[in-house]
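Lifted from Swiss-Prot, the feature list:
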CARBOHYD  Asn224  N-linked glycosylation site
CARBOHYD  Asn230  N-linked glycosylation site
CARBOHYD  Asn480  N-linked glycosylation site
TOPO_DOM  1-12  topological domain 'Cytoplasmic'
TOPO_DOM  34-612  topological domain 'Extracellular'
TRANSMEM  13-33  transmembrane segment
Amino acid sequence: MVQKQYRFAPKSIFTFVFLCFVAIVVIISTSSLVQVEESLDPIEVSDEIKKHDRKVVIFPSNFQSANNKLADFLTEAFGQRLNKGDIVYKNRDTYELPQTVYTWNTIDLFQSIGEKDNLKCEKIPLNFEISKIYNKNADLYKILRDFKNENSFYYKEVSVFFPDLGKQLRERTIEKHWFQLIGSSVWLEQYGVHLMISRVIYTKTGNKVQPVISLSYVQAFDRNWTELKNVTLVVPDSGKAKFKTVSYPSFIPIPVYHNVNQQRGKFYGVEDPRIMLVKNKEGYEEPLIVYNSFNRSPPNANYLEEIKNLVKLDTYRSIFMAWIWRTQLGKSNVGSSLPDLATTDDHKYVKVKELSLPNKKRPKTEKNWTPFVIYEDQKKQGYDSHLYFIYSFQDLSILKCSLWDAGNCIWEYRMNNKKTKISELRGGTELMNVNQLLDKYNFAGLETVKDQFKGKEVWISFARAALSKCGCGSKMYRPNFTVLVKQGGRFQLSFVSSYMDFGVPILPWAKGKGLCNGKNLLIPNGISNWVLAKDEGGGFQDYMTLSLSRSDSTVDIIHMKGILKSILSEYLLQTNRDVLNNNAIHCALLESESYCKSYAENYRAHLKRWQN
């Protein structure tokens with residue numbers, strides 16, 4: 001084999017020395033990129049990022065490569081250039097229990113006993129501990145300025161709905177027209193970060209009930225809930241045995257139907273996104289969001305006339321699923337195959353799928369489906385093949401929808417076959433599977449606890465009751481704790497709580513107005529994580545983080561502990577297979593109405609004392 005020889009002949013010894021110095025600096029700088037994780041523990045890495053706002057690239061903890069090869073892989077596989085000070089590491093962060101102060105909290109649960117004509121609302125106390133509320137709203141001025149400066153294809157597509165953004169940035173009037181709300185997050189164990197999605201809405205008038213468009217904003221937080229301002233995750237590229245990168249924070253391009261010429265009575269974009277983890281066929285967990293959005297009727301009309309505003313096509317508010325680490329070309333599956341949007345066919349959007357009721361029924365508006373997975377299915381198959389939804393809490397109705405295949409959803413369970421009536425109790429968070437949580441741990445004494453769940457699956461969630469004109473404002477929303485049990489092929493909404501507020505300070509709907517002017521809202525959005533840990537007495541304790549929003553203008557979290565221990569009694573886990581009624585809901589709503597009236601009375605009394 002002939003070896004090529006390269007001769008280096010510098011014009012001067014000074015040039016030679018200088019070039020050697022530069023080469024040494026480059027080598028040292030590049031080496032430092034991947035040595036950070038070897039020399040610092042995860043907390044110190046996080047502290048370095050916070051101090052210097054550096055770019056950080058995180059590989060999953062199971063990535064098959066040595067630490068000192070990560071930077072090379074990043075450059076060779078993705079062509080990404082690294083700068084001096086950038087941090088590249090393979091995750092070894094574990095979940096950090098919240099370091100906070102807790103106070104006791106009690107709510108009342110109701111179960112399904114008696115008949116509707118002879119309603120018995122027996123209260124069962126549920127005791128647990130709560131922290132104060134923590135706000136996680138982003139700097140809207142900064143993120144919108146960055147979005148505008150990026151000038152991506154997605155920004156160009158949606159910015160026609162907010163042409164005054166530049167003026168609003170210059171005049172510092174962003175807070176009058178833009179709001180961030182409905183944050184929902186998951187803990188990515190392989191990456192050691194909390195991944196949160198929220199809505200950023202624009203309203204031309206400044207009125208939150210008259211939004212023009214809703215954008216989806218994704219952020220990553222470290223295990224201590226400090227935002228990572230410039231983070232890239234190396235994630236699997238599904239089905240290709242390869243990897244790709246995703247960077248946060250960012251507005252993600254979820255494909256939606258919209259028409260700038262038809263805005264009257266329309267609210268475009270992604271509404272109420274809820275994020276959760278599903279286990280895919282490749283065997284790893286990936287984030288999935290469920291949301292609702294306008295969708296146009298099947299393409300059977302004159303598109304050109306629609307653009308010219310000569311015809312008005314039927315639109316529907318449909319439920320969608322979106323795989324935020326997967327992509328699709330174009331947006332034809334959301335009813336946007338219009339001539340003026342032809343260029344979108346070449347753009348990569350987040351992969352989405354519309355969900356349809358059995359028999360292709362298509363109501364005008366679909367909202368508030370409550371998602372969950374059946375853990376027994378996952379154990380048998382090795383992955384989640386379907387996502388299930390509580391379609392209606394009253395007259396309990398549950399849908400089964402394929403995660404990976406086409407086709408309509410089917411009814412998995414219906415309390416009765418009558419037309420489902422949507423009650424005041426509606427979807428809030430996803431349902432968290434208690435069996436799945438317990439199976440992750442093998443603490444001493446936990447087997448006795450697991451025995452209580454043999455032959456049944458149990459889920460908990462925080463729904464929300466929407467009460468109109470109950471005494472305080474036009475509408476009041478608060479969380480309602482629920483327990484769902486599946487046993488012998490039958491589902492039962494075993495327990496529902498009255499309104500609960502966690503002692504959180506409520507914000508007025510409009511600045512300068514009273515708490516009972518307009519809407520009075522505290523909405524549960526998602527269960528961010530739920531873990532077990534050993535306690536000092538040799539037993540265990542459970543810790544949960546819940547995301548909330550107040551007055552449709554905040555992204556908040558609150559920590560709780562002891563919920564699982566409180567429901568771990570034979571009494572609370574029993575199901576009466578002969579009882580099929582809505583009594584738990586009826587009792588919870590009656591008590592919630594009493595809460596609303598008492599809240600209004602106390603607020604007015606407080607105002608009177610303050611005025612005097």
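Even glycines carry a Cβ here, placed using N, Cα and C.
Sequence features, as recorded in Swiss-Prot, placed on the structure.
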residue: Asn224; record: N-linked glycosylation site; Cβ within 10 Å: 14
residue: Asn230; record: N-linked glycosylation site; Cβ within 10 Å: 15
residue: Asn480; record: N-linked glycosylation site; Cβ within 10 Å: 29
Checklist outcome for this item: Reduced DSSP state (H/G/I helix, E/B strand, rest coil) at Asn480 (N-linked glycosylation site) is strand
Next on the checklist: Between the Cα atoms of Asn480 (N-linked glycosylation site) and Asn230 (N-linked glycosylation site), what distance do you get, rounded to the nearest Å?
Outcome noted: 36
Next on the checklist: Please report the distance from the Cα of Asn224 (N-linked glycosylation site) to the Cα of Asn230 (N-linked glycosylation site), rounded to the nearest angstrom.
Outcome noted: 16
Next on the checklist: Taking DSSP as the reference, which of helix, strand or coil describes Asn224 (N-linked glycosylation site)?
Outcome noted: coil
Checklist entry - Which of the three DSSP states, helix, strand or coil, fits Asn230 (N-linked glycosylation site)? => result coil
